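In what follows, a structure is listed as structure tokens, so that the remarks can point back to it.
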Ligand SMILES: [Zn+2]
């Protein structure tokens, strides 16, 4: 029994979010060139029709009622697909089933008006985390063809998935979506190319969806992605991902809608990127940057990242999840790039 407590404790420690004290600053950027359009593309063919439409004022009203003590995260309150995925102005026509990664990991951006100095600082801190932990570079917009405009219209928190080409909006309604740094990181991670963690094909091995507590009409937000449309970039299911729903997402009765199968596991954190998030971004963008380690876990998981997503045998079930928490993914990365 005590052995399992030990394992669970190790699992929890290994999943702590990375905070600023744990961060290793790496000056050099080592970004490989990537050849081929296919390799750059992000499959969005699995997105529901709901992801295509226009920003909604109703979502803004809901998010305006969000406070730091709300049960759910503000990006789970929108009327968009999964709460915050919106490809505005695009039609689902069967042709647009792919978006792109950002060329060379460079993301031109501009902040529109409407943010206080403090809120701008929150956005800058989110961007600084990407700069410290990944090879992505957010650069000031200077006439580039493709760029992000970060706005604060009263339509909630939302973003497209991946680079869609041209001017691309990320909306962070103030103050709800710019109260926590993790919310900003979450929306930017959509724009970088990622979906929600609990929509992974294998999620039922790790969480239980309580359909009886879900607000009627929002069940579609709990749909799983099909394996053929997703790439886990060699990273196992991550309760601590900043892309995971909170326990009360889309609840109709303040009861939990999603519950981890390992008791005491926390989901829905919006403090910052998890180690798994960092690994996924770096694998998607062929970045050979080390993932910093927490002091508690530095002898458990090497945290090294190679530029090739490794093959991995998923560790299914709660025992497998504990295994993953302790030993990381079942893989050996022989090639390690030192910073
Ligand atoms: Zn989201």
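Note: Cβ is positioned from N, Cα and C throughout, glycine not excepted.
Record check: TrEMBL places 186, 190 at the Zn(2+) site, and the matching candidate among 131, 196 is 196. In TrEMBL, the annotation region 'Disordered' applies to 290-318, one of the ranges 261-289, 290-318.
Considering other CB atoms within 10 Å as the measure, the emptiest surroundings among the binding-site residues 186, 190, 196 are those of 190. Those same-chain residues not listed among 186, 190, 196 yet with C-beta within 8 angstroms of the centroid of the Zn(2+) site C-beta atoms are 75, 82, 84, 85, 159, 187, 189, 194, 195, 242, 243.
Secondary structure at residue 196 (Zn(2+) binding site), taken from DSSP and collapsed to helix, strand or coil, is coil.
Other Cβ atoms within 10 Å of the Cβ of residue 187 (active site), summed over all protein chains shown, number 26.
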